[in-house]
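What TrEMBL says about this protein:
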type	residues	note
TRANSMEM	12-31	transmembrane segment
TRANSMEM	43-62	transmembrane segment
TRANSMEM	83-105	transmembrane segment
TRANSMEM	117-141	transmembrane segment
TRANSMEM	153-174	transmembrane segment
TRANSMEM	180-202	transmembrane segment
TRANSMEM	321-349	transmembrane segment
TRANSMEM	369-393	transmembrane segment
TRANSMEM	405-422	transmembrane segment
TRANSMEM	428-453	transmembrane segment
TRANSMEM	465-488	transmembrane segment
TRANSMEM	494-517	transmembrane segment
């Protein structure tokens with residue numbers, strides 16, 4: 001597959017993922033808003049912070065390194081050895097689940113059983129759900145490597161919707177079940193997720209479509225561990241790369257979930273405050289999950305396939321380098337504009353959004369301030385996602401190992417900064433600490449990208465520069481919407497709220513028009529790569 005074909009398939013993957021996630025997550029958004037009105041803050045804090053942290057830690061440490069290593073390079077590989085390597089995620093997940101489950105049960109503070117009953121059952125269920133999800137890892141990697149566009153999004157969306165529906169039903173009918181409700185919902189989520197992949201491949205393998213594509217796997221039994229005596233069980237080059245990524249993933253997990261580790265192990269917030277923080281965090285990260293994450297995951301595959309790891313720019317195909325530079329510049333511009341729009345307009349509409357979503361439980365107190373700070377963090381998330389996407393896709397093994405030391409320093413500094421900022425500013429300190437660490441990660445990735453293209457004529461970092469007229473429109477929009485919030489929101493009735501929303505819509509429209517006329521290169525990129533598949537028939 002040529003680089004242009006890879007780019008075409010990648011943009012289809014990113015755009016389809018984003019659109020389908022928006023469609024399915026709107027339903028989930030409504031179901032979660034409904035659940036908030038039936039569950040206490042303490043229950044939300046325990047489930048969404050402590051138990052979800054157990055699940056996400058087991059899953060991340062068991063599979064992230066394998067995913068990055070096995071998705072690097074071409075799809076033309078010995079898939080038997082790759083699948084054997086991927087199955088190691090299951091025993092690794094069992095070990096992590098047992099070890100971390102013991103910590104969660106024996107070393108951490110046990111919540112009041114009257115406020116949050118069945119805590120031990122919740123720990124066991126969330127640890128088990130992580131192991132269940134790892135059973136689908138070979139299917140996931142095979143699907144991602146061959147750019148199966150809708151499978152991942154539909155599987156995840158159906159799983160999430162099923163989880164939310166079951167949660168709503170049980171919360172309304174059997175509220176006394178406590179953590180049983182969320183434990184059953186979590187197990188349902190991971191089971192449906194794995195079943196979607198298994199059922200898809202059962203139908204796909206051996207079909208005329210698979211034969212036409214020369215798919216490297218022909219039977220379901222080929223997706224099971226295959227131990228043959230006449231060859232090595234795994235590709236040792238992939239295994240060594242996996243080990244490098246594993247050391248990095250451990251540190252990255254500390255950065256990604258750092259505030260939850262501080263909350264869980266240092267008890268800087270009670271379960272109620274943790275519940276408010278996590279709900280605001282989830283609401284603030286909607287765009288990151290809808291748009292930035294699909295772009296990052298999809299274009300990591302593009303850069304990993306087009307670029308040669310560790311090879312000098314001058315020694316690679318110049319057409320591929322030119323395309324990679326152009327795509328990187330456009331992606332940086334795209335996520336910068338989306339993130340900046342969220343930062344500017346999010347400040348004036350945070351309180352209104354929280355009041356609509358969760359009522360007074362969220363809109364009064366620390367909630368609005370948290371979401372305003374988070375809108376700035378989203379901008380940093382946007383830029384970091386793309387810069388690290390390119391960095392990790394082009395680094396050689398030695399560079400990945402060196403970067404591990406940077407991540408180690410960042411992990412330590414984050415834990416220290418978040419602890420002291422939380423003591424000073426409360427839950428807002430977590431977001432400020434995240435902004436601090438994300439800024440350092442962005443600076444590191446920008447430095448790497450600058451050096452990578454230094455000997456060439458390409459300057460993709462120009463994507464981080466905006467025209468003066470666009471900056472001026474953003475400033476005016478921010479000032480106007482802040483004044484609108486002061487005079488119209490949020491205790492002056494629904495008519496004032498509607499006027500406030502209308503003011504924001506007009507300012508946003510002015511911003512979009514300015515973008516259309518000043519960022520012509522980006523508009524052309526979006527039109528040709530993301531929108532072309534919706535304006536013509538697929539061949």
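Glycine is no exception: its Cβ is also placed from the backbone N, Cα and C atoms.
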Practice task
Mind checking which residues of the chain, 6+ beyond the ends of the transmembrane segment (180-202), have their Cβ under 8 Å from one of its Cβ atoms?
Solution key: 43, 47, 51, 55, 118, 121-122, 124-126, 128-130, 132-133, 135-136, 139-140, 142-143, 148, 151, 154-156, 158-160, 162-164, 166-167, 170-171, 174, 217, 220, 223
Practice task
Give residue numbers and ranges for long-range contacts of the transmembrane segment (465-488): same chain, 6 or more residues beyond its ends, CB-CB under 8 A.
Solution key: 336-337, 340-341, 344-345, 347-349, 351-352, 496-497, 499-500, 503-504, 507-508, 510-511, 514-515, 518-519
Exercise for the section: Look at every Cβ pair spanning the transmembrane segment (321-349) and the transmembrane segment (43-62), keep those 6 or more apart in sequence, and say whether at least 3 of them are under 8 Å. Expected result: no
Handout entry: Candidates 83-105, 369-393, 428-453; stretch with most C-beta pairs under 8 Å toward the transmembrane segment (405-422)
Key = 428-453
Practice task
Determine which residues of the chain contact the transmembrane segment (369-393) at the Cβ level, with the cut-off under 8 Å and only residues 6 or more beyond its ends counted.
Solution key: 68, 72, 276-277, 280-281, 283-285, 287-288, 292-293, 295-296, 299-300, 303-304, 307, 309, 324, 328, 331-332, 335-336, 338-340, 342-343, 346-347, 350-351, 353-354, 400, 403, 427-428, 431-432, 434-435, 438-439, 441-442, 445-446, 448-449, 464
